[in-house]
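If you check Swiss-Prot, you get these features:
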BINDING   71, 76, 122, 123, 136  S-adenosyl-L-methionine binding site
């Protein structure tokens, strides 16, 4: 995949700084990953797929003033969304020190003033309402709904990055949409869809 070409074909406008930020992010990720094993993705093509996967939702997400990403890991999707949405305050929650340090380093190196890195488990954070809550964590949708309770209200949207099993995980009482792209299923939950 040619990442830049694929991103330019998206039905959205990315900030002028986006491609420079992505390039620097990738350079740092490859260096850090050799020492700290931040992600299982080791080659450029896989990283490019992860980046595309992370930024794709800006084609359908509403504009928002703040976003919480639960379990950001090496930056997917929260950090990538922050680069694509510079007007949105993005809080990245990552309990592992090595990953949180990497996120903090990227924030400082790229001057991402819209990013806040929190090195905690989301369960240990004080409640605060966010307009959008995201997660690419490999846990059940019901668990994500439980973890996000103190961070959303009736107007908030939840965006969970899921695979094929999403259909087995969704409660029919939820108001949701599933946006499918290749093997990815973006589960968008909210009262006002």
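Cβ atoms here come from the backbone N, Cα and C positions, even for glycine.
Structure with Swiss-Prot features highlighted.
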{"residue": "71", "record": "S-adenosyl-L-methionine binding site", "DSSP (3 states)": "coil"}
{"residue": "76", "record": "S-adenosyl-L-methionine binding site", "DSSP (3 states)": "coil"}
{"residue": "122", "record": "S-adenosyl-L-methionine binding site", "DSSP (3 states)": "helix"}
{"residue": "136", "record": "S-adenosyl-L-methionine binding site", "DSSP (3 states)": "coil"}
Non-local Cβ contacts of residue 76 (S-adenosyl-L-methionine binding site) (under 8 Å, 6 or more apart, same chain)? 39, 50, 51, 53, 54, 136
For residue 71 (S-adenosyl-L-methionine binding site), nearby residues of its own chain (Cβ under 8 Å, 6 or more apart in sequence): 93, 94, 95, 122, 135, 136, 137
Counting across all protein chains, other CB atoms within 10 angstroms of the CB of residue 123 (S-adenosyl-L-methionine binding site) number 11
Taking the residues 71, 76, 122, 123, 136 listed for S-adenosyl-L-methionine, what is the greatest CA to CA distance in Å, to the nearest whole number? 20
